[in-house]
Amino acid sequence: MKYQFSIIVDPATYDNEGLSNGIDLRKNNFTHLEDRGAIRAQQDWATHIAPIKQFKGTLGHDYSFMTVCVPECIPIRLEIISYANEFAFMYDDDTELDTENNTSAENDKLMGTFLAGTQGWSPPQDQSSSGKTRILKQLFSEMMEIDKECAIATMKAWAEFLRVGSSRQHGTVFTRLKDYLPYRIKDVGEMFWFGVVTFGMALHIPDHEMDACHKLMEPAWIAVGLANDVFSWPKERDASQRLGRTHVVNAVWVVMQEHGFSQEQARQYCRELAAQFVAQYLDNIRNIKNEESISPDLRTYVEAMQYSISGNVIWSKFCPRYNPEKRFNQTQLDWMQNGLPSTVELDGASNTSSSFLSTSTHGSPASGSQTTIESKDGWTADSSGIVSLLLNCSLPPLSHKVISAPLTYVDSLPSKGTRDMFLDALNHWLHVDEQRASQVKMAIRMLHNASLMLDDVQDGSRLRRSKPSAHRVFGVAQTTNSAAFLVNESIKLIRELAGDQGVAAVLEKLTSLFVGQAQDLHSSRNLSPPSLTEYIQTIDQKTSALFELASRLMCLCSTATVVPNSSLSRFCILLGRFFQIRDDYQNLTSPEYTKQKGFCDDLDSGTYTLPLVYAISQQSENFLLQNLLSTRLAEGTLDDDQKRLALDQMQLVKTNEFLRKILDSLYDELRAELQCISSSFASENPQMELMLMMLKL
């Protein structure tokens, strides 16, 4: 991991009380940007929600929260994540003295505001919630302007935090630490902080690595939660007393009940336990430092999070929030009392300086790493060794390293994660246990990756998610063989997961996939455009089929008492159609798609997408367009000038406008179908709402 924006603080200047041994304290060089973001959030809260009384948030005289907890935050992003974090602290204080039911209702309302705000509509809410809506819209707008992809991932993480954490169980009386700690990981803000750090450092953690991320980070979050409980104990104890509660949702209180300790004994016990989890976490960092099977961004995230541990400890010791005798520094006081300056420079550089707009802060494996080559036993001058080997019928099977290499490559490429998000949203209704849900995700990902590899070979695609397609790295034969192996492995996994019914489902959908692909290839090879009906049938047998299979497998594993299979099937079919037509449209119009797959990649492959099918149907005697397709078939590709000419011909009949209308209609129908399914389950599904919002153009 590279260190560009922070310095190490002299350890002689602070005492970490044994809570972050082995971890440096680092401090961001642009702390004034945190001051600006936090104070701006306070002012907006006071303007749009309610006056602030005796609030002490994230700022500190020498150590403000974000400055030491995310020391490698890219400066251009520091102000906005500090704004978000200060809002979270104010929201937490605002709900701290409320009942559990009211807090949960407020969380649901805020999640609804979050979803509604990003879609441009506002449900009727009270004055206070409307103010929060306004603040969130401003927050998301600024984040999207900086980095849309990271911002959407962060919103998803924050929505998950509101769903599972954010004081939802503050009415629960925990009396055993082993019951309390899993809750504390969620409530301390694991997913909120994940969103903050990944946005602040421009990190992109693939969805398929989230389980690994949770496991690697678990000891860190326990350590942070315990340390936070040690320092916040007086504040939270007093708040519970004011509310008339007989318990405190804090590890110190839990340890007092479980072991009969005094307050100070319980705090010391928590300190010692936190130190043990810090040691476990540092082991995790060392173990994955050069582990290339883990994405560089996940390795960076895991390494960077150690500074959240040390930063949280030192901030907690010196912040006015937990230490009433501490004061803010003069700049902070001036800005709080007299208002913020109109702009803040990044130490002499404009805050739009390109030097701060980097989108990656990866480290790289140590240059001195070595590769171990296995010796080839048996090859000796003495033939007896060879004969002995030939007569040994118990040799172990070959390693899967070679056959898995193309699969590992494709799986490592950045992904929108739509299918994983779809499965998570389905599980909101279906209640599949975590292990089986993860297996369904794995099986669907395996089939999806296999289809990508085969499609790229058959379509001649040069790029996949902005990287060379697998067959251009490993060759057509190896890629095809690996894809077939992946299909085989997915069937084995599904058999273990869902038995004969699962195997029947996957074989049915594999048949659909192959038949749909055959229709696609036939049309391209023979310059035979499909009818609109044939085009939709092809989508249903390819894109929709995988969504249907995912839904069917989840239903087979579900513990829900009522499952509206026909409605789910219709939703999956419509979702597949929307997803594919959106992809067709984006392939011809989106700069991001050009970066990922090349300029108008579908025209290179000769695929009859909906834009092409529509344009041909509307101008059957457009010989120019027909001859461009013939040239593509003869030469195997079109150059950019030829593609631009084809686009011009399609726009003669306003193809793009037609597609937008189709997509809008499909989107409206998807939302209506979602409401019907939600009614059948008697449960709204914010995650599915969020997924649709993210797909909307």
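Including glycine, each Cβ sits where the backbone N, Cα and C put it.
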Given that Swiss-Prot assigns Lys416, Arg419, His448 to the isopentenyl diphosphate site, pick the one from Arg462, Arg465, Arg472 that the record assigns to that site as well.
Arg465
According to Swiss-Prot, Arg464, Lys542, Thr543, Gln580, Asn587 bind dimethylallyl diphosphate; so which of Lys595, Lys597 is the extra one listed there?
Lys597
On a C-alpha basis, identify the one among Asp92, Asn228, His448, Asp455, Arg465 that is nearest to Asn587 (dimethylallyl diphosphate binding site); the candidates are the binding-site residues.
Arg465
Candidate with sparsest Cβ neighbourhood (10 Å radius) among Asp92, Asp455, Asp459, the listed binding-site residues:
Asp92
With every protein chain in view, what's the tally of Cβ atoms within 10 Å of the Cβ of Arg419 (isopentenyl diphosphate binding site), excluding that atom itself?
20
Quick one: pull the CA-CA distance for Asp459 (Mg(2+) 3 binding site) versus Lys597 (dimethylallyl diphosphate binding site), whole Å only.
12
Alpha-carbon spacing, Lys416 (isopentenyl diphosphate binding site) to Asn228 (substrate binding site), which is rounded to whole Å:
34
Taking only the Cα atoms, work out how far Asp92 (Mg(2+) 1 binding site) lies from Asn228 (substrate binding site), in Å, as a whole number.
14
